Amino acid sequence: MSEKRHWLYRKENLPKLWALQILILALALAPEFFIQHHAHVAGSDFRLDTGFGFFAWYGFVTCALMVVGAKLLGIFLKREDTYYDD
Amino acid sequence: MIDLALPPGLVLILGAFLIPQSRGKHRTALVLGLPVLALALVWLVSGNGGAGIPFMGLELDPVHATAAGRLFATVFAIMAFAGGLYALRQASILELVAAYVYAGSAIGVTFAGDLVTLFIYWELMAIGSTLVIFAAGTDAAGRAAFRYALIHLLGGVLLMAGIVAHGVDTGDLSVQALEPDSLGTVLMLIGILVNAGAPPLSAWIADAYPEASPSGTVFLSAFTTKTAVFALLVMFPGTEILIWIGLYMVFYGIIYALLENDMRRILAYSIVNQVGFMVCAIGIGTELALNGAAAHAFAHIIYKALLLMSAGGVLMMTARRKCTDLGGLFQTMPLTAINGIIGALAISAFPFTSGFVTKSLETSAAANEGLLVVWLLLLAASAGVFLHAGIKFPWFVFFQKDSGLRPAEPPKNMLRAMWLFSFLCIAIGLFPQPLYALLPYPVDYQPYTVGHLVSQFQLLLFSGFAFFVLLGLMKRTLTISLDFDWFYRRFFHGLALDVSDRTSQTRADLEQRGRARIGRLIDNLYAHHGPHGILARTWPTGSMVFWVAVMLGCSLLLYFL
């Protein structure tokens with residue numbers, strides 16, 4: 001291909017993109033220092049959701065679990081995409 | 001208010017048959033005008049029961065307006081309009097007519113005041129949607145349409161059987177809140193759940209919808225599952241088992257979408273995921289939860305159609321549907337990409353989109369009821385939605401590697417339909433009050449609090465972070481995933497082949513044995529009666545006389561005894 005690769009696809013920009021993402025994540029966590037979370041679930045002793053960055057780590061951990069879970073299930077469930085073509 | 005009870009759904013159904021008769025500008029006017037007319041009627045008919053229509057000894061009530069019904073009918077009509085605009089220049093006539101019959105029947109369901117009317121529209125919907133799939137014209141679509149029809153006929157039979165049993169039990173066929181405590185109501189519940197994509201028959205959605213044409217899939221995504229949500233909302237609110245069925249659907253959709261390679265199948269699995277949220281909320285059953293389910297359905301129809309319009313545009317311009325073949329399309333299809341991303345943000349419930357102001361009603365309802373496990377699972381699932389649809393779809397289609405494809409943007413009418421829905425996604429997100437006002441119960445909910453904004457941003461951004469960190473684990477492969485449809489596509493198919501093999505073998509064996517036996521009989525007969533058989537010989541006169549004398553002697557003896 002003679003045309004110049006789009007800047008998103010150039011190797012040298014990859015660290016910049018990661019830095020940008022880390023910056024956005026830091027910004028999302030910043031309000032934690034200023035606001036006080038209240039407990040969400042009525043009538044329960046669950047207080048983890050009032051802790052620092054609960055939604056951040058909970059989102060990350062559950063997503064990682066889902067990806068790994070899907071990967072494991074994939075071992076049993078995945079078939080060639082021509083499986084049903086007779 | 002018009003007292004004349006003109007059913008809004010019927011207008012769309014009958015109007016659909018005028019489409020093949022029209023040409024050029026008239027057809028455009030008809031395709032775009034019919035949904036507008038239906039929408040107007042949805043709000044103009046008074047439909048407060050009134051005079052029933054006698055039918056086989058029953059009183060039918062086909063125009064029965066309720067708040068929930070009007071809400072669903074409104075979004076169905078909007079959907080028909082945008083779908084019609086999207087399909088206008090590209091879809092076949094068969095598809096357009098079928099899609100409008102389908103949309104009209106869906107509206108008919110929302111106005112049904114009695115179960116018989118509901119069932120009639122329910123089945124019309126099945127016919128319309130099957131034809132929409134069939135209209136794609138490919139072999140794969142034909143087969144998928146057949147499998148789809150089988151599942152929906154099964155669902156229809158269960159629903160009908162339930163209605164009959166319920167009618168015999170109670171003598172009351174009106175559409176109202178029921179408890180699944182009798183055979184009739186349980187059968188109805190199962191019949192409705194089949195259409196909702198509930199387990200174990202969830203596979204039909206991802207099996208059938210992606211085989212339709214680009215515009216066909218857009219229509220299909222909206223009506224069947226959401227009329228099922230409507231029916232559950234009206235007939236089975238607060239049925240606890242729905243909470244768990246819904247949660248199963250939510251995670252089923254996420255896992256299968258994560259494993260999937262076909263972009264429209266990813267979105268089809270995500271329909272099951274989204275309907276799972278609504279089913280779960282209906283199971284919770286409080287006013288807030290039911291409002292949440294209704295609002296989520298409204299918003300979902302719009303952003304899911306938008307996502308499928310974007311995917312359909314890509315499919316049309318590249319003729320490719322697998323993530324492994326796509327990538328880098330943002331360079332030449334920026335508008336399609338932007339619309340796809342808006343849909344993706346809305347489905348992920350990003351703040352300032354329609355998903356944010358509707359799905360949070362459902363999670364709040366779980367929290368308010370003190371359902372800790374349900375709340376935690378819904379929260380994880382909200383993060384998972386961003387993972388499997390919110391990032392995965394735009395990333396693998398428009399970004400990831402550069403596939404080298406340089407397609408143009410899709411035609412103008414398709415882009416216009418996308419812009420319309422993008423606008424609605426953001427408008428509802430920014431100004432949720434008009435939608436809240438349409439909900440079945442009064443709303444006292446403020447989505448835009450600092451706490452809610454911060455927690456939602458954190459949840460989504462960090463699940464996005466998980467996506468990029470674990471990208472290596474999500475490398476696309478040329479695979480499909482086994483599902484319950486394996487039973488009817490492979491197991492029973494294999495079983496049937498086996499049975500037919502064995503029965504034909506047995507038949508052949510029996511036939512051979514029978515032939516051998518008949519052969520032996522004939523041989524025997526031939527041996528005794530044939531030209532050389534002992535019984536066929538000509539007997540000498542002397543022996544004849546001898547035997548006659550013996551017989552006469554015997555009878556004489558018997559006479560004297």
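Positions of Cβ are set from backbone N, Cα and C atoms, glycine also.
What TrEMBL records for this protein:
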TRANSMEM  B:29-47  transmembrane segment
TRANSMEM  B:93-113  transmembrane segment
DOMAIN    B:112-378  domain 'NADH:quinone oxidoreductase/Mrp antiporter transmembrane'
TRANSMEM  B:119-136  transmembrane segment
TRANSMEM  B:186-206  transmembrane segment
TRANSMEM  B:241-259  transmembrane segment
TRANSMEM  B:266-285  transmembrane segment
TRANSMEM  B:297-317  transmembrane segment
TRANSMEM  B:329-352  transmembrane segment
TRANSMEM  B:372-397  transmembrane segment
TRANSMEM  B:417-436  transmembrane segment
TRANSMEM  B:456-474  transmembrane segment
TRANSMEM  B:544-560  transmembrane segment
The transmembrane segment (B:329-352) and the transmembrane segment (B:241-259): do they have three or more Cβ pairs under 8 Å, with pairs 6 or more apart in sequence?
no
Excluding the flanking five residues on each side, which residues at least 6 beyond the ends of the transmembrane segment (B:456-474) place their CB within less than 8 Å of a CB in that stretch?
258, 348-351, 356, 360, 379, 382-384, 386-387, 390-392, 395
Please indicate, using numbers and ranges, the residues of the same chain that are 6 or more beyond the transmembrane segment (B:297-317) and have a C-beta under 8 Å from a C-beta there.
71-72, 74-76, 78-79, 82-83, 86, 90, 213-215, 217-218, 221-222, 226, 229-230, 263-264, 267, 270-271, 274-275, 278, 326, 329, 333, 336-337, 339-340, 342-344, 346-347, 353-355, 357-359, 389, 393, 397, 407-410, 414-415, 417-418, 421-422, 424-425, 428, 435, 438
Could you tell me whether the transmembrane segment (B:329-352) and the transmembrane segment (B:417-436) are in contact, taking contact to mean 3+ Cβ pairs under 8 Å with a sequence separation of 6 or more?
yes
Residues of the same chain, at least six outside the transmembrane segment (B:544-560), with any C-beta under 8 angstroms of its C-beta?
none
Spatial neighbours of the transmembrane segment (B:329-352) far in sequence, C-beta under 8 Å, 6+ residues away:
270, 274, 299-300, 302-304, 306-307, 309-311, 313-314, 317-318, 358-360, 382, 385-386, 389-391, 393-394, 397-399, 402-403, 405-410, 415, 418-419, 421-422, 425-426, 429-430, 448, 453, 456-457, 460
So if I exclude everything within five residues of the ends of the transmembrane segment (B:93-113), which remaining residues of that chain have a CB under 8 angstroms from its CBs? That is, six or more out.
7-17, 19-20, 31, 34-35, 38, 42, 47, 49, 60-65, 68-70, 72-73, 76-77, 79-80, 83-84, 87, 120-122, 124-125, 127-129, 131-132, 134-136, 174-175, 213, 215-216, 219, 222-224, 226-227, 230-231
Going along the chain, which residues at least six beyond the ends of the transmembrane segment (B:266-285) come within the CB cut-off of under 8 Å?
196-198, 202, 205-206, 209-210, 217, 221, 225-226, 228-229, 232-233, 236-254, 256-257, 260, 292-293, 296-297, 300, 304, 307-308, 311, 323, 347, 359, 361-362, 365-366, 369, 371, 374, 378, 381, 384-385, 388-389, 392-393
